[in-house]
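Working notes, structure below.
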């Protein structure tokens, strides 16, 4: 039997920043280079941090094209450029002296954005992670609260990278402590990464610990950060709230005995079921976490479906439940019934595997709208809200009987990219297909 006291390594965050697009072009060897070629050469020199060459190229650009560097960058329409300028490139590479020259001597705009909305500050954090460059940009009025077109803020990127000092600097310069990106805050990301020090910093700056759907408390459990969990509880995070399940249910499902004890001590109710009607002790028993069962059993009301209400009786009941779902489900023609097997796997709370089974079922029966509904829920429960929204929308298109009020609420949220709340609005219509 697996030990419930083991501690897996912290998971990586499911939200990830869009990759940096470092476009340099392919300048020709012409003796009379075009504006596009001159900009390309300047971008490469900036990334390399070679100040004398930057100075020469900027001077020639002004003499031959009559343009400032910022004007030339905006003029270039080539697909590779994305309108990221020399300061973006130098910041991404952590070239402090080049950044200083570009800002002070050439007067480049520290808040210039590419077509993706990314500023040099984002490039500095996402690329080199240079504290000196970040400080230089902020000291010259870089905006710490400018999001890119994907909705991510500099503080989100710093939280994902685990850059404590950069996060501290951003907050000291007025960065919002609780911006939302894909319905997730920097606090949620820090907790999911298991970064208790970052959690403490963000809470000190009044980050909100009480979100219901993407709750930082459950993120700390996912990140296996007991210290982070304790900090969040101390800050007032509610222990009995969470969709689609409470933090206690999630900790029990993972066999995290110390987390279960911490939550119970903070007032977690062991009798609140998950969306399948199962309480924490039952889920722990099904997963084989005996130590968790022993902790939860005394604070759980007897379950009528368990004939012998004792620890041994509950474990025996759990083994009988598990044995019924271990064998592949077959159609009458003895071919695998991936949908039915996915349903059984979903009920065991193995949402990732259930999602794969529904995908295989779609390959056989692509017109089955319920498969999109079920897979959407799997995506929602595992944190892939964008994919959940896509499947929910496909389901709606294939299923005209979806509740009109339910969908209208979801559609309104789609327009503002509130993925988590959108899926929550669509949830009643999706669940009806189970």
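Cβ atoms are placed via backbone N, Cα and C, with glycine included.
Source: prediction; values computed, not measured.
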Given ranges 1-31, 32-62, the stretch to which TrEMBL attaches the annotation region 'Disordered': 1-31
The repeat 'ANK' (182-208), counted residue by residue under DSSP: helix, strand, coil: 16 helix, 1 strand, 10 coil
Cβ-Cβ under 8 Å with the repeat 'ANK' (243-275): same-chain residues at least 6 beyond its ends: 2-6, 212-213, 215, 217-218, 221-222, 224, 226, 229-230, 233, 281, 283-284, 287-289, 291-292, 295-296, 299-301, 349, 380-381, 424, 431
Structural state census, the repeat 'ANK' (243-275) (DSSP three-state): 16 helix, 0 strand, 17 coil
